[in-house]
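Novice: Below is a structure I'd like to ask you about.
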Amino acid sequence: MLVTPLLLVTLLCVLCSAALYDSSSYVYYYQSAFRPPNGWHLHGGAYAVVNISSESNNAGSSPGCIVGTIHGGRVVNASSIAMTAPSSGMAWSSSQFCTAHCNFSDTTVFVTHCYKYDGCPITGMLQKNFLRVSAMKNGQLFYNLTVSVAKYPTFKSFQCVNNLTSVYLNGDLVYTSNETTDVTSAGVYFKAGGPITYKVMRKVKALAYFVNGTAQDVILCDGSPRGLLACQYNTGNFSDGFYPFINSSLVKQKFIVYRENSVNTTFTLHNFTFHNETGANPNPSGVQNILTYQTQTAQSGYYNFNFSFLSSFVYKESNFMYGSYHPSCNFRLETINNGLWFNSLSVSIAYGPLQGGCKQSVFSGRATCCYAYSYGGPSLCKGVYSGELDLNFECGLLVYVTKSGGSRIQTATEPPVITRHNYNNITLNTCVDYNIYGRTGQGFITNVTDSAVSYNYLADAGLAILDTSGSIDIFVVQGEYGLTYYKVNPCEDVNQQFVVSGGKLVGILTSRNETGSQLLENQFYIKITNGTRRFRRSITENVANCPYVSYGKFCIKPDGSIATIVPKQLEQFVAPLLNVTENVLIPNSFNLTVTDEYIQTRMDKVQINCLQYVCGNSLDCRDLFQQYGPVCDNILSVVNSIGQKEDMELLNFYSSTKPAGFNTPFLSNVSTGEFNISLLLTTPSSPRRRSFIEDLLFTSVESVGLPTDDAYKNCTAGPLGFLKDLACAREYNGLLVLPPIITAEMQTLYTSSLVASMAFGGITAAGAIPFATQLQARINHLGITQSLLLKNQEKIAASFNKAIGRMQEGFRSTSLALQQIQDVVNKQSAILTETMASLNKNFGAISSVIQEIYQQLDAIQANAQVDRLITGRLSSLSVLASAKQAEHIRVSQQRELATQKINECVKSQSIRYSFCGNGRHVLTIPQNAPNGIVFIHFSYTPDSFVNVTAIVGFCVKPANASQYAIVPANGRGIFIQVNGSYYITARDMYMPRAITAGDIVTLTSCQANYVSVNKTVITTFVDNDDFDFNDELSKWWNDTKHELPDFDKFNYTVPILDIDSEIDRIQGVIQGLNDSLIDLEKLSILKTYIKWPWYVWLAIAFATIIFILILGWVFFMTGCCGCCCGCFGIMPLMSKCGKKSSYYTTFDNDVVTEQNRPKKSV
């Protein structure tokens, strides 16, 4: 027996922060010859403890245990068991330890000691102070190992492992074999020195950390968070970041969705037709000499036996030895096709004597049943009994049937049709293996009928909707009450990620809102502490920066807590004043131009689950993928680093640009320019009107008036203005008009004039002219007013319709502009769409579906095909990672540009020409847009140009001094000449003015200084003959082949937002709205005050006098003026009232008496 020395490493500890059970322990075994390089390795077997028990004594009340015997076993049926004594150990004596053993199915391995002659039934007597480790099978010892007690002074542990049936004594390997079998039972036989602790274990995968060939740390692949993370990425050391993972659960259920609810199957019916043998001769004597014809033997299936020719034959019933004999067949040949079942069936016909022919054929074993028929044949058939062999009997037809009972063969008259009903028992809300309309896979099925039925999906007899990878996304089943829609979801959340912060596994990010989670950006965070999920806590702490892992604006600390990242710059930033409060004067030679500019400031982050993308749910593919090493880790590290940089750069960008609390734009005092909204605003006015007293004392009548009515009211103002009514008449478009309202005074005046004109006939007839004239003028007024009202109604309707059309056009233009922004955003996902489309590519394999490949081919061929898919899909992921890197670099540059635009264009006024819009910058207003910012630049651009003569500078040559030069100072402009005179003007605006001392810089010389160099100093300047372009081109473009990169593999277009045309259209719509202002014919409201009649004023006067008399009577007749005297302030009355009231006193008996006042002494 080959025994390989093994090293036992026992690690009994709590699994740090990722422990699944508080009392978890495990044992890790590996060969001592295994010396891997330093680092983490998925090697060997670990055994996790699943049950712990103890025992103090199993020798009973006897003074000791019996050495050399096996006793005290317990059934375990486990991968491993460890039986350990106390740390001090147990003595090798019958008073403490006797035997320890393990049963591996039919093999038993044990350790014992026995020093008695004829007292050791299994091992025989051993040498003193030696131990025996033996293995036996079927009661026969086939392995013996004798070791000294000096090596093992006491018994401490006995461990059995199914891996190569390894057995360890006190940690040393003492037995192994080439078989791997679970431990069925084990035990320790002892009297004292215990207790013995039994640890039953199950085998799990393990990731071990080796240093110099020795395992220093072990992580169990047991489904715990730490085990899932470590065993999926083959490492136990993780840098801060996010790590997607898949927790594949064991699928125990399976269902099939059939295309048809029922299937009809028509089986083949085999027809056997029998006929009368016309040339058959009478049989010789003896039953064995009867010849058979037309033998038909049925196999499995359905059969029909046609005996139609028997219609001319007469059936002969059984009568002792005569006629038929078929007690084992309860049917006649006429009913043999009535659905009878057989395991075997053979039919043949013969011709023999009716006397005894059938009965002897059955007795002799030639048939199971025999049917006899008479056809009136001659008596030429010989007998079959021993005494009748030479006699002749009537010949008849004999039908032999040989059969056995069963169900392989069934008779029928017509081809049978069997209907199989298919029942779609769909398992919901659990991970299952499915076969949906012939497509197999694994998924989590949910019923989505309520949300999908209203959209008429798959209404035209469709069965399923496939996703980009070719798998079923939604399928429909015809139920009893209509269509039922189901959605296939991944068994596990493909977006779930482990969060590692400070080198520790602290939480999980998932797209599912689970109990105890808290929302971070667009994901839900679940904190993990000691391997368990904790309830969420509110985010209360703010940090200026995050040295750990961050997700958006949230910082995840090593203890799993969440803090909000608020940079200090954002807290101390002072908001600039962006309100426009002053009018900017622009020269007439310039135009105000509005320019829009879109800058992308953020990118969409992606989460890559490399293993899920490449292999899906295929376990075979995942095993094969282990050979590719850390390629997924490299891709993931690139994507994670991009996400981290994106978050930090985006926070820094907003901290340097967006002040705290500045979230609401202030648009007060902003002119609307040519967009006239005066119709929507209240125009302040102070119309001339009468006083409050006039409104109280007069009745006012309002009517629609003309623009001439104001002049009429001014003309008739005054006490006797009604007398000037006709004189104040006005003309409107050549017609004489008067307001249609006539007061009582005017009515009296014109009536009197009319009556007087009729008093003396023709002599006074001219007095009626004023009455007729004013009547015609007022009729003109009414007619013109009605005409203007009708015209204004037409203008209002036309203008309103035009305004509505302009508004609709404006909304359409705005929609197009927003659509272009949306297109920019949608283009960000083009590379993702291309990556997902790669799942449909087979990359040279027979199929793009991994499950189909493994179903169609054997393991070796399938692995070769899947290897092509893995290589192709990894290439797609690499392209995606590279594209995101390039996009991040571009977006970072765009953010830098946006920062400059905000600082220079928004917060200040740029002096750079055409940096903030086109031309000289005036004002910039930023606006949030998807994934970026839209800047609206206001600038002024030249409209006309003046052709002037520019001069670099002046050289001054004084008479008594050396010459010097003057040039314009930086930023002051340039010198120009106009009509023989010299001026200075700004370079960007023509404003010539006299040159002053502050506009110039004095140079010491009028000469320009140059540096003289030769050709060898500046090698970048070459002559034409130094470079032969054709010669250089021929070095590259000759007959040789040069491989150029395939740029189609990386096609990423930088989106550019262009909404200039839409802004122009909106400007046109604004102009159209301005054109829709209604220019109404001016009308006025004429308000005429009518005075009350004279009797009304007389009644008012009488009422006032009566009121005064009653008030005076109350004052004098009450005896005491009461409060009225004081209130009205009538001092004399108050004094008199006071004197009068002192002479009278009212007593309780209501007797009024006069009192004498004493005289005053002076």
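Each Cβ is built from the backbone N, Cα and C atoms, and glycine gets one as well.
Found this in Swiss-Prot, in case it helps:
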- ASN51: N-linked glycosylation site (CARBOHYD)
- ASN77: N-linked glycosylation site (CARBOHYD)
- ASN103: N-linked glycosylation site (CARBOHYD)
- ASN237: N-linked glycosylation site (CARBOHYD)
- ASN271: N-linked glycosylation site (CARBOHYD)
- ASN276: N-linked glycosylation site (CARBOHYD)
- ASN306: N-linked glycosylation site (CARBOHYD)
- ASN425: N-linked glycosylation site (CARBOHYD)
- ASN447: N-linked glycosylation site (CARBOHYD)
- ASN669: N-linked glycosylation site (CARBOHYD)
- ASN714: N-linked glycosylation site (CARBOHYD)
- ASN960: N-linked glycosylation site (CARBOHYD)
- 1024-1105: region 'Heptad repeat 2 (HR2)' (REGION)
- 1-18: signal peptide (SIGNAL)
- 1096-1116: transmembrane segment (TRANSMEM)
Novice: Among all chains shown, work out which of the glycosylation sites ASN103, ASN271, ASN276, ASN447, ASN714 has the most CB atoms within 10 A of its CB.
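Specialist: Result for the most crowded candidate: ASN103.
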Novice: Would you mind checking how many other C-beta atoms are within 10 angstroms of the C-beta on ASN51 (N-linked glycosylation site)?
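Specialist: Excluding its own Cβ, ASN51 (N-linked glycosylation site) sees 12 Cβ atoms within 10 Å.
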Novice: Pick from ASN237, ASN425: which of these glycosylation sites has the biggest number of other Cβ atoms within 10 Å of its Cβ?
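Specialist: For the glycosylation sites ASN237, ASN425, the Cβ with the most other Cβ atoms within 10 Å is ASN237.
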Novice: At a 10 Å cut-off from the C-beta of ASN960 (N-linked glycosylation site), count the other C-beta atoms across all protein chains.
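Specialist: The answer is 4 other Cβ atoms.
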Novice: For a quick check of packing: other C-beta atoms within 10 Å of the C-beta of ASN77 (N-linked glycosylation site), how many?
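Specialist: Neighbour count, Cβ to Cβ under the 10 Å cut-off: 10.
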Novice: Provide the number of Cβ atoms within 10 Å of the Cβ of ASN306 (N-linked glycosylation site), excluding the reference atom itself.
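Specialist: Taking all protein chains shown, ASN306 (N-linked glycosylation site) has 12 Cβ neighbours within 10 Å.
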Novice: Consider the glycosylation sites ASN51, ASN237, ASN271 and say which one has the Cα lying nearest the Cα of ASN960 (N-linked glycosylation site).
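Specialist: Result: the closest of the glycosylation sites to ASN960 (N-linked glycosylation site) is ASN237.
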Novice: Of the glycosylation sites ASN77, ASN237, ASN276, ASN306, which one sits closest to ASN714 (N-linked glycosylation site) when you measure Cα to Cα?
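Specialist: The answer is ASN237.
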Novice: Of the glycosylation sites ASN51, ASN103, ASN306, ASN447, which one has its Cα closest to the Cα of ASN425 (N-linked glycosylation site)?
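Specialist: The smallest Cα gap between ASN425 (N-linked glycosylation site) and any of the glycosylation sites is with ASN447.
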Novice: Where ASN103 (N-linked glycosylation site) and ASN77 (N-linked glycosylation site) are concerned, what is their Cα separation in Å, rounded?
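Specialist: Spelling it out, the Cα of ASN103 (N-linked glycosylation site) and the Cα of ASN77 (N-linked glycosylation site) are 10 Å apart.
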Novice: State the Cα to Cα distance, in Å, between ASN51 (N-linked glycosylation site) and ASN276 (N-linked glycosylation site), rounded to an integer.
Specialist: 82
